[in-house]
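Novice: So that we are looking at the same thing, I have put the structure below in structure tokens.
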Amino acid sequence: MPIQTVSSSSCTLPTSSHSDQKDLSVPIRRPDSRCSAISSNDVANSALNILESDTPRQVTRQGLTLRQLYQLKRNADAWHLMDTKRRQDQISHDKEILKKVQNEKRDLSRFYDGQVRDRQAQEEATKAESRAWAQQLEKDAQMQKEAEQAARNAHMSSMVAYRTEFCKDMERTRQQKLLQRQKQIERERTELEEARRVAIEQIEAMQRQKRADRERMKEIQEDVQQQTRDRIKRKQEEAEEIIRLGKEWEAAQDKKDREQHAAFQKVVARQEAKEISYSMTAQEVLKRKVEEDERRALRHQELARAAHEAEEKRRKEKQKAATIAQLKALDLEMRLKAERKEQMLAEERAMAEAMLSRNQAAQEEALAKQRAMRTALKDYQRLLAKQIQEQQEQNQRITVGFVQPSEMALNKALFEQIGYVSPDPTAPPVEYIHKDPRIATASGKHEPVTGAGDMSKQR
């Protein structure tokens, strides 16, 4: 229930019937305000004093009437009641919140305890699984080690057999490579000779082609010169024909002019015969007419001569242009042929230089191989001589059963029965074989000292 307050406009108390009582309008203030307000105890004491006093309708101390004091008391009681109820509601609400917080805290603590227990159980399971895995890995490692040892032993035994076979295969391979190398050298020599022969044939064919081209160029040049001479002769004949036609045309024109002039003279004579009967005016008209005819004839002759000259000029220019075009085409053809000839010569030179460079490189390579073979042969001979010398020195120190070679001669048959065979001093050095197991090669294997094998090693 909200607290009811009394405003200053609606808090006017009824006036007293006495004339000396004043109409007081006092605003109702909240008891809990910060300003100078009237507390509830003061209001209660004032109310008791009013009840006990003789003038109950006026409070001289506060200047309030009894009705105003009752109203203030009721307002204060209502406010205190509402404030108490609000405080109780707030306390109950706080208790509920505190209880809810405690319940949530207890649930969260239980949840965290469960999480800790689950984590500890998971860690124990992980540790047990790790121990089991460690034991299993240790067993697997031991088994793997034993398997690797067995595989290593098998591999070593197989490697021993493989090395034995490998040494045999290497010896066979050396022999095969030596034969292949010799075959390759023969094949390269044959190919080089074939290439040289083909190159010589190509050069001869190119020379023949050059001679044929040169002869063909001479024939073409002679044909062109003959065509030029024929063209010049034809032009001269055409010029002579034109001159002859011009002379004939001029002769015909002269003849025609003479005939016209003779006819005109006849007409003039007839006219002159008739002029006697004509007046001077008629003679002048006739004279003017004759002069006009002469001028017309001269103009016609000039126009005909100009047309003929223009036609002759056009024909000459056309012939000149055709001759220039033919000369240009001939010049272009000659230049193209010269360029082709230079290109062919350049290609021939490049081909010859390439062949010479290849031949020179092949010769240098063959010489280098020969030098390397001679060097390897000399090294092998020195090594063989050194090995023979060492073997001879070793044979001087060899003892069988602590018996010197000088003592072995006393009972040679006995030593031959036990497996000792003395080296033949007359045997050639190349076929000499080490039989002493204490003499080994540089690779750690007891191999016979043969020419092919050592030469392949040197190579």
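Easy rule for this one: first residue shown is 1, then count along the chain.
Note: Cβ is positioned from N, Cα and C throughout, glycine not excepted.
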Novice: Among 106-126, 169-189, 211-231, indicate the range for which TrEMBL gives the feature region 'Disordered'.
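Specialist: Feature region 'Disordered' in TrEMBL: residues 211-231.
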Novice: Labelled region 'Disordered' by TrEMBL, one stretch among 240-261, 438-459. Can you tell me which?
Specialist: 438-459
Novice: In terms of Cβ proximity under 8 Å, which residues at least six beyond the ends of the compositional bias 'Basic and acidic residues' (211-221) contact it?
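Specialist: For the compositional bias 'Basic and acidic residues' (211-221), the nonlocal Cβ contacts are 337, 341.
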Novice: Going by DSSP, how much of the region 'Disordered' (211-231) is helix, how much is strand and how much is coil, in residues?
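Specialist: Residue counts in helix, strand and coil order: 21 helix, 0 strand, 0 coil.
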